[in-house]
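**Q** Dumping the structure here so I can ask a few things about it.
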Amino acid sequence: MSSGLSLERACAVALGIVASASLVAAGPCDIYSSGGTPCVAAHSTTRALYSAYTGALYQVKRGSDGSTTDIAPLSAGGVADAATQDSFCANTTCLITIIYDQSGRGNHLTQAPPGGFNGPESNGYDNLASAVGAPVTLNGKKAYGVFMSPGTGYRNNAASGTATGDEAEGMYAVLDGTHYNSACCFDYGNAEVSNTDTGNGHMEAIYYGDNTVWGSGAGSGPWIMADLENGLFSGLSSKNNAGDPSISYRFVTAVVKGEANQWSIRGANAASGSLSTYYSGARPSASGYNPMSKEGAIILGIGGDNSNGAQGTFYEGVMTSGYPSDATENSVQADIVAAKYAIASLTSGPALTVGSSISLQVTTAGYTTRYLAHDGSTVNTQVVSSSSTTALKQQASWTVRTGLANSACFSFESVDTPGSYIRHYNFALLLNANDGTKQFYEDATFCPQAGLNGQGNSIRSWSYPTRYFRHYENVLYVASNGGVQTFDATTSFNDDVSWVVSTGFA
């Protein structure tokens with residue numbers, strides 16, 4: 001017993017040394033290693049997760065010419081070099097194509113392939129995330145997270161060193177606590193290698209959202225739960241654990257870990273405070289979860305069978321070998337808090353003023369007499385001038401409102417149909433009455449940025465940041481720069497998505 005206590009004391013001292021060091025002196029994976037449960041996968045687009053790491057964090061691909069570049073930390077153990085991305089992606093769009101594994105095992109995450117469910121891209125692949133949808137700062141330095149709309153997913157089916165069978169593992173992720181939905185399943189962690197549902201207990205991943213089809217926690221969600229396949233679990237029961245609280249933090253630390261007939265859910269505000277344990281105990285009482293049958297693939301943003309209806313934002317996360325101690329995880333949480341995650345501006349370009357009336361002029365050559373307008377519920381472009389009828393002027397005028405889903409962006413209310421807003425539905429822009437739902441708020445929230453063609457603004461969907469207001473055959477869509485839809489055509493994209501904002505006609 002005395003030797004065990006000595007070992008425990010030694011580990012505690014080692015952890016104390018690591019935790020008390022500066023951000024660069026000890027990253028999360030240094031702390032896990034000191035605790036005897038090293039990272040076998042370490043993913044982040046915002047910072048290095050090892051104090052000595054200087055390699056690539058992620059790769060972006062730009063729409064203008066299809067070229068790629070890697071984004072590394074500013075210094076060893078530091079924050080991502082967002083300026084390199086901003087320069088590389090200037091006047092075009094960029095997607096995150098690879099999230100590199102910092103552990104040295106090569107467990108990189110790339111575009112998820114089809115499985116039990118197809119993704120929306122060509123050949124059933126999932127979408128890639130926009131490189132600009134989730135700007136943040138860490139200790140005042142700008143970085144970008146991974147904003148994942150429904151249909152977006154990353155995967156590695158040939159991971160090295162991850163837990164299989166009933167082997168022990170831990171994992172954490174830092175997420176946006178305000179970006180979620182009830183669809184299946186916004187996950188990060190261990191999944192099937194086949195992209196299909198191979199049975200109970202074949203997954204062990206962090207889930208975040210307010211899905212109630214399987215398990216749930218206290219209140220109405222969202223919750224941190226574990227996706228163990230054929231069930232989102234909040235505790236021992238396959239249904240409800242009142243000890244698993246609804247989350248309201250902007251930045252969330254989510255923790256799941258599991259070993260033989262033992263697992264745990266923990267969580268915290270990633271910007272302050274310490275971890276709380278929401279469940280720690282035996283495996284779920286339903287059949288198939290003791291022992292577990294983990295397969296060792298890694299997923300992000302999707303379910304194990306490529307269920308891809310969920311949404312969320314990922315900043316950083318790791319998977320470990322072995323079952324981390326609470327003390328180790330507490331030190332990791334302290335490091336996350338020390339990183340000082342904070343929100344950053346979602347907009348750029350000519351400023352919009354809430355309460356003002358605006359009109360939006362097309363900048364595409366040959367169409368510059370046209371303005372964004374509506375005809376009933378259809379949003380389109382029409383030729384408008386000072387001599388147009390009052391009715392047409394009103395149809396082409398929009399009141400700027402604070403973003404219904406995110407106050408850092410904007411919503412656009414019709415001048416001639418008060419209470420109705422521009423929203424996207426199946427990627428067409430429509431004018432619909434505000435029904436007060438979370439879905440409508442998200443569909444009707446847009447973030448202006450400096451115009452991609454150098455004129456005015458390009459207006460990006462908050463909920464689908466790869467997509468922008470675009471006129472195509474005089475009808476409005478939220479379009480991506482290349483894609484499976486006809487209105488995603490790359491030809492004249494930058495011009496078609498750039499709009500000059502003027503004082504409203506009405």
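Quick reminder: no glycine exception, Cβ is built from N, Cα and C everywhere.
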**Q** Among ASP210, ASP326, ASP443, which residue shares the substrate site with ASP227, ASN230, GLY304, HIS424, ASN426, PHE427, HIS471, GLU473, LEU476, ASP496 according to Swiss-Prot?
**A** ASP443
**Q** CYS409 has a disulfide partner in Swiss-Prot; which of CYS185, CYS447 is it?
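**A** When Swiss-Prot is consulted, CYS409 turns out to be bridged to CYS447.
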**Q** Would you mind checking how many other C-beta atoms are within 10 angstroms of the C-beta on CYS185 (disulfide bond)?
**A** 26
**Q** Per DSSP, to which secondary structure element type does ASP227 (substrate binding site) belong, with helix, strand and coil as the options?
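**A** ASP227 (substrate binding site) sits in a strand per DSSP.
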**Q** Measuring Cα to Cα, how far is ASP305 (active site, proton donor) from CYS409 (disulfide bond) in Å?
**A** 34
**Q** Do any residues at least six apart in sequence from ASP496 (substrate binding site), in the same chain, have a Cβ closer than 8 Å to its Cβ, and if so which, in order?
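**A** In sequence order, THR364, ARG470, HIS471, TYR472, ALA479 meet the Cβ cut-off.
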**Q** According to DSSP, which kind of secondary structure is CYS39 (disulfide bond) found in, if we only use helix, strand and coil?
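**A** The residue in question, CYS39 (disulfide bond), is strand (DSSP, three-state).
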**Q** Including all protein chains shown, what's the count of other C-beta atoms within 10 A of the C-beta of ASN426 (substrate binding site)?
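**A** A 10 Å sphere around the Cβ of ASN426 (substrate binding site) contains 8 other Cβ atoms.
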